[in-house]
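J.: The structure that follows is given in the form of C-alpha cells.
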Amino acid sequence: MKRIFLLIVTNLAVLLVASIVMSILGVNTSTMGGLLVFAAIFGFGGAFISLAISKWMAKKTMGCEVITTPRDSTERWLLDTVARQAQQAGIKMPEVAIYQSPEMNAFATGPSKDNSLVAVSTGLLYGMSQDEIEGVLAHEVSHVANGDMVTLTLIQGVVNTFVIFAARVVAGIINNFVSSNDEEGEGLGMFAYMAVVFVLDMLFGILASIIVAYFSRIREYRADEGAARLAGKNKMIAALERLRQGPESSAMPAQMSAFGINGKRSMAELMMSHPPLEKRIAALQSR
C-alpha cells in the first residue's frame with residue numbers, strides 16, 4: 001500500500017513540476033503542438049537523464065567495486081579478457097567491476113561506447129568456468145559495441161513521449177465529454193483530471209513496456225551473435241546452458257537487467273526483456 005501511495009504522489013509531483021516548467025517556457029499544452037512538445041521534452045529528457053547517470057546509478061545501486069588494480073589472478077584475468085574483447089570489438093576499454101550477489105549474472109551500462117561499464121556478480125565469477133565467463137563477457141561487450149544503451153534510450157524516449165501525449169489527449173477528450181454533459185460545464189476538475197491522467201499513464205505505460213521489451217529481446221539475440229564472434233559459439237552456448245541450470249535472476253534493477261546476461265522470467269513472454277534461454281541457445285545452434 002505504501003509503494004502505491006508513493007507512486008501516486010511521485011506521479012502527481014512530476015505532473016505538477018512538468019506543468020510549472022512548461023508554463024515558464026511558455027508552451028501552451030492546451031494545443032496539440034504544445035502538448036507534443038511537452039511530451040517530447042519530458043519523454044526524451046527522462047530517458048537521456050537515466051542514460052547519462054547510468055554508470056553512477058549502477059555503481060551505487062549494485063554496490064559495484066571497479067577494478068583499478070587487480071588483487072588476484074582472477075581479477076587480472078577478468079581485466080585482460082575484457083580488454084582483449086573490447087579491442088576486437090573496436091571500442092574503448094570499459095570499466096570493469098564486481099558486485100556481491102550469489103546469483104550468476106552480469107550487465108553492461110554507460111552513456112556511450114567509449115564510456116561504459118561491464119560488471120559481473122561474485123556468483124558468476126566464482127560459479128562458472130573461464131570459458132563460460134568469457135562467453136558472458138563477450139555478450140556484455142557486444143551490448144556496448146552495438147550501442148544498445150543509446151538505442152534503447154531512444155526507443156524509451158519515443159514510447160515515453162507516446163504515453164505522456166496519448167494519456168493527456170484521452171484525458172482531454174474525457175474532460176470535454178463530462179463538461180458537455182455537465183450543466184455547469186466545469187468538466188472533471190483538476191484533481192479528477194490528474195487522477196484520470198495517472199490511470200491512463202499506467203495503462204499506456206504497460207503497452208509501452210511491451211514495445212520496449214520487444215526491442216530489448218531483439219538486441220539480446222544480436223548480443224549473443226556478437227559474443228559468438230568474439231569468444232566463439234561454443235563458449236556462448238555453454239554460458240547460456242549454465243545459466244539455464246541456475247535459479248531465476250531477481251536481484252538486479254530493471255535498468256541494469258535490460259543489459260544483463262540473464263533476465264527475469266515471466267509468464268508472458270511479451271513482458272520479458274530477454275528471450276527464454278532455450279530460444280537463445282537454439283538461435284546460436286542454428287547459426
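Glycine too: its Cβ is placed from the backbone N, Cα and C atoms.
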J.: Since Swiss-Prot lists HIS139, HIS143 for Zn(2+), which candidate among GLU65, GLU220, GLU241, GLU269 does it give for that site as well?
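T.: Site partner of HIS139, HIS143 for Zn(2+), according to Swiss-Prot: GLU220.
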J.: Could you find out if DSSP has GLU220 (Zn(2+) binding site) as helix, strand or coil?
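T.: It is helical.
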